[in-house]
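Swiss-Prot annotations:
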{"type": "DOMAIN", "residues": "31-416", "note": "domain 'Helicase ATP-binding'"}
{"type": "BINDING", "residues": "Gly44, Thr45, Thr46, Gly47, Ser48, Gly49, Lys50, Thr51", "note": "ATP binding site"}
{"type": "MOTIF", "residues": "97-120", "note": "motif 'Beta-hairpin'"}
{"type": "DOMAIN", "residues": "433-596", "note": "domain 'Helicase C-terminal'"}
{"type": "DOMAIN", "residues": "621-656", "note": "domain 'UVR'"}
Amino acid sequence: MGGGVLKQQFVLHAPFLPCGDQPEAIRRLSQGITDGVPAQVLLGTTGSGKTFTMANVIANVNVPTLVLAHNKTLAAQLYQEFKAFFPENAVEYFISYYDYYQPEAYIARSDTYIEKSLLINDEIDKLRLSATRSILERRDTLIVSSISCIYGIGSPDNYSSMALTLEVGKEYPRSQLSSQLVRMHYQASSTPQRSAFRERGSVIDIFLAYESDLAVRLEFMNDTLISIEYVDPLTMIPSHTTSSITLYPGSHYVTPEAVREQAIRTIREELEQRMLFFEGRPVEQERLFQRTTHDIEMIKEIGFCKGIENYSRHFTGAAPGEPPTCLLDYFPDDFLLIIDESHQTLPQLRAMYRGDQSRKQSLVEYGFRLPSAFDNRPLTYEEARRYFHRVIYVSATPGDLEIQESRGHIIEQIIRPTGIPDPLPEIRPAKGQIDDLLEEIRQRLRKDQEKILVISVTKKLAEDIAAFLAELGIAATYLHSGIETAERTQILTDLRLGNIDVLIGVNLLREGIDLPEVSLVAILDADKEGFLRSSASLIQFCGRAARNIHGKVICYADRITPSMDHMLKETERRRKIQLDYNQQHKITPQPIIKPILANPITKEAGQEETRLKMQSSKELEASIKTYEEAMYQAAQEFQFDEAVKYRDLMNAAKKQLLFQKGEEENGD
């Protein structure tokens, strides 16, 4: 296990104090952790301030913490919130770094091999490395992660053993230092870029793999290190000095030489065994021999090869079938695990392993990979549970598993700081539901800034309703999984800005929608039993209207299903608690005021590129600078879809500038 070395305290910064149910929830959760309770549930209604409660608990127990979210969007939201709560501490972000990923596969029936194809997001790679660096260095580390935390990465022992500590006044032969940096996956480069270094006379500049705001300048007299400075990576202006520094590797897959040599030996042994297995199958034999020996040569020469993760077991020394090392192994034993939206996250944990193994079966069976590739995988659910020493499950609708594992340690957080109670759903006949819905929509359109969410049972119905409303002059659109992430973000922004009044979708829970303007949630065909009409889903849908003081929920159904009955009883129970609290404390519900962050890209890339062709060289240079600044700003704010668009526009502007300069030179 990795262990922190610096013992800073978590320092909570908040412009408000806990209120409502929060103080009691914070006290009980904190006490439970202190008392060694292995699992607790925070059952908090939508809008009750669960993240703020979590932040207070983290500050109280003061141990390294992992917050697990079920998708990247939610992880980014949580990261930004915790970053604001803990500006003095190491709040980190760990998600999949693939912008695009096509896994390696073989389809036997058509003899089709699909090579792995991927595009790594450089900014997210930096954040992942920053996360592991922090958890190894300091105790006041909070990492917000997606399900990526259960996927194999390099061993924390290998990673930390390859870290390089330098001290002013000591001697470091320059050639050996350069070689060590290369082994740490830093490349020699004359231009400043992440995971690189450059030598100029007595100075070595190192552009860290896990930092974008600071680079390191080492100054030598002969081989004696006389100065360590942190500098701005763009201007190279010094920021501050230090007497010592620990540099961490540029990859999680770095290995010491002895480990690498041992891995090469065991890979060869496995290859020999597999060649015997494929006796009489010359195609598979030759394929596996060529591929594996090429990989071995690459590992010998540069310590790395394409697809090195498929040999990870050989580098960690694990036996076949043993769990892979993952982010969880970088944490000390006493860490706190918070699983947000646990009713969705836990099923995800269960599903990851099965899909991974079925794909690799053909690759191993037909000689594309050694059997050890099976061990480059996510943890199984049972393996992941071994890390659940101190866990808090957080959900408005926890599942049976969380309830069972918490053994009665369930802490409710029902009261909202705004005083807004849960809306009590109305049940109306499914027959004529569209006509009734239309009248409800028209009533809200007469008011200012009131929006409507409509939950349908199919994508086709969502599209048809949106088209029907649009024909009547109502600003409506649909939202479902067939729409790309960037467009979904723009649709939600347009709803808040008033460009859209009605949003129709199938599973609007997955979008992480937090829209205080929504005053009506209409659930069509609420009596159609299924995953999206379960009691948990219905309660979650109702919560979408609980951020508006005029919030209303209508369920269109011809009968009351068991799921609907449970939803109605639970909503009524919560609503009574909330109203009694408001009356007792003389609280008047207040509307939520949430700033609207408009999508900065309002034109299609094609239109922008057409406009670029009409610009002069000087204007193009200005556009390049503008797009570059916007790209970095979007990346820092975790708006990666926007960052990619700005990057593409910047590259288009650069291409156009080169074209224009070429024409100018030819004209001369």
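We number each residue from 1, going along the chain as drawn.
Heads up, the Cβ atoms here are built off N, Cα and C, so glycines get one too.
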Residues near Lys50 (ATP binding site) in space but at least six apart in sequence (CB under 8 A): Leu42, Gly44, Asp340, Val394, Gln413
Of Thr45, Thr46, Ser48 (the binding-site residues), the residue whose Cβ has the fewest other Cβ atoms within 10 Å: Thr46
Residues flanking the ATP site, with Cβ no more than 8 Å from the Cβ centroid of Gly44, Thr45, Thr46, Gly47, Ser48, Gly49, Lys50, Thr51 and excluding those residues themselves: Thr53, Ala396, Gln413, Arg416
Those residues of the chain, 6+ apart, with a Cβ under 8 Å from that of Gly49 (ATP binding site): Pro18, Gly20, Gln22, Gln413, Arg416, Pro417
List of residues, in chain order, with Cβ under 8 A from that of Thr51 (ATP binding site) and at least 6 apart: Leu78, Glu81, Phe82
Helix, strand or coil at Gly44 (ATP binding site) [DSSP, three-state]: strand
Among Gly44, Gly47 [binding-site residues], residue with fewest other Cβ within 10 Å: Gly47
Collapsed DSSP category at Gly49 (ATP binding site): coil
